[in-house]
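According to Swiss-Prot, the protein carries these features:
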BINDING   Cys179  Mo-molybdopterin binding site
BINDING   His581, His604  heme binding site
BINDING   Arg702, Ser703, Tyr704, Thr705, Leu719, Ile720, Lys721, Ile722, Tyr723, Val733, Met734, Thr735, Ser783, Thr786  FAD binding site
BINDING   Leu875, Leu876, Leu877, Val878, Cys879, Gly880, Pro881, Pro882, Pro883, Met884  NADP(+) binding site
DOMAIN    546-621  domain 'Cytochrome b5 heme-binding'
DOMAIN    648-759  domain 'FAD-binding FR-type'
REGION    1-42  region 'Disordered'
Amino acid sequence: METSTTTTLLQQERIPENSEPISTHIHTHSLPPTPPGTAKPSRIGSFHDLQELSSVESPRLDHIKPYPLPPKFSPKSVLKEDLKTPDNFVERDPRLIRLTGVHPFNVEAPLSDLYDEGFLTSENLHYVRNHGHVPRCEDDDILDWEFEISGLVENPIKMNVRDLINDYQQLTYPVTFVCAGNRRKEQNIVRKTKGFSWGPAGLSTALWTGVAIGDLLSAAKPKRGARYVCFEGADKLPNGYYGTSIKLNWCMDPNRGVMVAHKMNGNPLPPDHGKPVRIVIPGQIGGRSIKWLKKITITQEPSDNWYHIYDNRVLPTMISPEESANLPEVWKDEKYAIYDLSTNSAICYPAHEEKVPFTDAPASYKVRGYAYSGGGRRITRVEVTLDKGKSWRLANIRYPEDDYRNAPEGDTLYGGRVDMWWRETSFCWCFWDLDIPLDELKSADDIMMRAMDESMNVQPRDMYWSVLGMMNNPWFRIVIHKEDHALRFEHPTHATLKIKGWMERVKEAGGDLTNGYWGEKAPGEVQEVVVKEPEKQICMTNPQINRKITIEELKAHSGEEEPWFVVKGEVYDGTPYLSGHPGGAASIFGAAGQDATEEFMAIHSENAKAMLPTYHIGTLDEESRAILSGDATKTNDDADREVFLQAKTWSKAILDKKTSISPDTKIFSFKLNHEAQKIGLPTGQHLMMRLRDPATREAIIRSYTPYSDGSDCGRLDILIKIYYDTPQRKGGVMTQALDALPIGHWVDFKGPTGKFVYHGNGLCTINEKERRVRRFIMVCGGSGITPIRQVLRAVIDNPKDTTPCLVFNGNRSVNDILCMEELEELEAANPSRCRVVNALSNPPPEWNGLKGFVNQALVPEYMDLPKASGEGDELLLVCGPPPMVKAVEASFLGMGFKSDDFVFF
């Protein structure tokens, strides 16, 4: 049977359910933990349909392995940001930081999350570099996906993935991928390059399974004179299909480890990583490892593909972005092409904005991070300085990659031979650490580090700026701030747009980041007044255009027909550039009818800004600018009005009281303008709150569902869980700002907002469309109880409303269950209309309720009561942490519910 054969091939050594292989190698260094294995495959992963079709049980990996195995991966889903893009079928992890807007998908993980996963990176957090949309390959077509080997060969080959798996020896080994733009944001702060900003997490490590490319090329028999191997993928872009090349002798050298891969961490390749087949080139920049492979061509010369010539190059530093546009021969010069990675490293802990208290802290702090090199060269030393390079100390280095060299003879993993014992080459990153006494950190201004590889190639002190901003690898520096009772650490940059590091701070203060002293004054240097020169302004308008455009005209072009967008108050027509945009038309559609200033200015290069005059059609009038920006500075001064909330203007209320209901949750009470003033919030909707960040004074805006009933008068109560800063991660900006707000301070409110309104007696509207409900199934966790409670009370408080409500409240511990007594009272008084099921993932021994997560395994036995009655649909109302929401959605979809049966708050 074809289906059985297909799934058998794809499922060879797939990570099985209920299997947790463990590592026997005990590490004494402070290496971030690599979880020993994956308990079970994602049920909403790219291959879940094939899993269910398979009748062949996967081989188990419950024997002991002497090396790290992949971390457990979390369920993913198609994110709302991608729904209007060509990638609307690709499941992704919301933790990944988008670096180029919504589309195309270019992301890195938060640095601490990446480091904490350990040596191997899960599919969830692996960085992604996509030049355009993801080519779509259906699961049923994977084994039939064809690629060819042609050119200067005696035996041209056309083969498919089935042939690749059946006819050639399979290998498995770890490889660290690094984007050539890793740490580019540091260069962009010094001067904007033509590349978008990467933080220091543009790298990841995975186990790859496939065939040595030398085996395939040997079968094709390259002819005399052949010197290069060109690769081309299926991703069609404005300048053709993405392609590149490397040298033939590298491909034929087993030490180089070049592979044609079809598995990642034991599972078939996910869409973002080349599904169904890709090239893996250890030790070289990620841009050479073509995804969605279609062609391998043997040639006498390097690739003439547009992307091989105009990408992944380090041009001489004196060439500016403007000059580079008119130097085609320089771009074609192969000596500027990047292949092997350079020595590079970063400090992961202390994390950005991490604080270490002076009291109740250990006597020393373990500084930790990563390092890597290219071309198979091993990192041989990592050095740390606390005095700007006057003296250095050696760090400890741990090489988890070496554990794979200890694999027993004949060992296989995920269907491939663990082919490492004989290799002298190093394909992966390593981890380093160094204990530094806290007293020494107190007396230092910064921590800097550098790495060296076995060729004695050491990271330079100073940056080598280039037009593409690639291969940035100067010493990694974090600044130490002495505060009242703690040390605060500041990284050079942060991957997100709004979080700044010391480089931005120094530059904004007028410092020269190229002065050889990190923009600061050298000891003994005479203080002089620095006049900060204004940055060179790129003209982004056409001086011959003087048309005034209204908000009505702009909104008429907010769709895919003639999309207009706004940058700095100027209006541009993106229609002529739909086919030429590097990210595809979806990038322009996503900005249609909107003010794209912040995103455009932060992401785009000087060249892109210089192109804007071509598309300039007019200026937004002043009134329209105010409307488009949300009229941010205006508030409603009509204090005597009947209803407090206003949809288009902000209204002020004064903080009157804070009431703690758990260690990290409070009810914030606000006094309205007069005792008879109604809140004005329909059931099921929420409001927006605005206040200023106490440090930056920038506006913080978040949405909340009040604890108060929407018809209450004179007061507004909001239940909020406060996410405090920890040594591992930064807490919630808004919640901590609210917690620090003194009684008597004003806060701005606007609303109502939301797509769902409950009108009573089983009638609701979703996006203004009426819907009859015969039973509510409500699922929440933590402070997600607030919108659920609001709808539940609206039902129960109306004696004529007979709509049954089944509530699943999932939390970690008893202390996390908010409004517990109130919900129990509602259930006891209304058994025919209300049932509350509490579930704890970390219950105490005396807990008698549901144990575990709210999912398909635990929910069905509670679904019968209270029974659904009357006409209409069962509607799921869901609010909680993102991982919980995704798991709940997957579980109920698996139980037969449809996507339009969900309302997510």
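Keep in mind that glycine also has a Cβ here, set from the backbone N, Cα and C atoms.
Location within the structure of each feature annotated in Swiss-Prot.
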residue	record	contacts (Cβ under 8 Å, 6+ apart)
Arg702	FAD binding site	Met688, Met689, Met734
Tyr704	FAD binding site	His686, Leu687, Met688, Met689, Ile718, Ile720, Thr786
Leu719	FAD binding site	Ile661, Thr665, Lys666, Ile667, Tyr707, Ser783, Ile785, Thr786, Leu818, Cys819
Lys721	FAD binding site	Asp664, Thr665, Thr735, Gly782, Ser783, Leu818
Tyr723	FAD binding site	Asp664, Gly731, Gly732, Thr735, Gln736
Leu875	NADP(+) binding site	Cys764, Arg771, Val773, Arg775, Phe776, Ile777, Asp901, Val903
Leu877	NADP(+) binding site	Phe756, Phe776, Ile777, Met778, Val779, Pro787, Ile788, Val791, Val903, Phe905
Pro883	NADP(+) binding site	Ser74, Pro75
Inter-residue Cα distance where the pair is the residue listed as 'Mo-molybdopterin binding site' and Pro881 (NADP(+) binding site), in Å: 31
Cβ packing number for Cys179 (Mo-molybdopterin binding site), 10 Å threshold: 24
Cα-to-Cα gap, Cys179 (Mo-molybdopterin binding site) vs Cys879 (NADP(+) binding site), nearest whole Å: 36
Mean predicted confidence [pLDDT] for the domain 'Cytochrome b5 heme-binding' (546-621): 81
Site extent for FAD, whole Å (max Cα pair distance, Arg702, Ser703, Tyr704, Thr705, Leu719, Ile720, Lys721, Ile722, Tyr723, Val733, Met734, Thr735, Ser783, Thr786): 20
Cβ neighbour count (within 10 Å, all chains shown) around Cys879 (NADP(+) binding site): 24
Lowest local Cβ density among Ser783, Pro881, which the record lists as binding-site residues, within 10 Å: Pro881
Helix, strand or coil at Leu877 (NADP(+) binding site) [DSSP, three-state]: strand
Tally of DSSP helical, extended and coil residues in the domain 'FAD-binding FR-type' (648-759): 8 helix, 54 strand, 50 coil
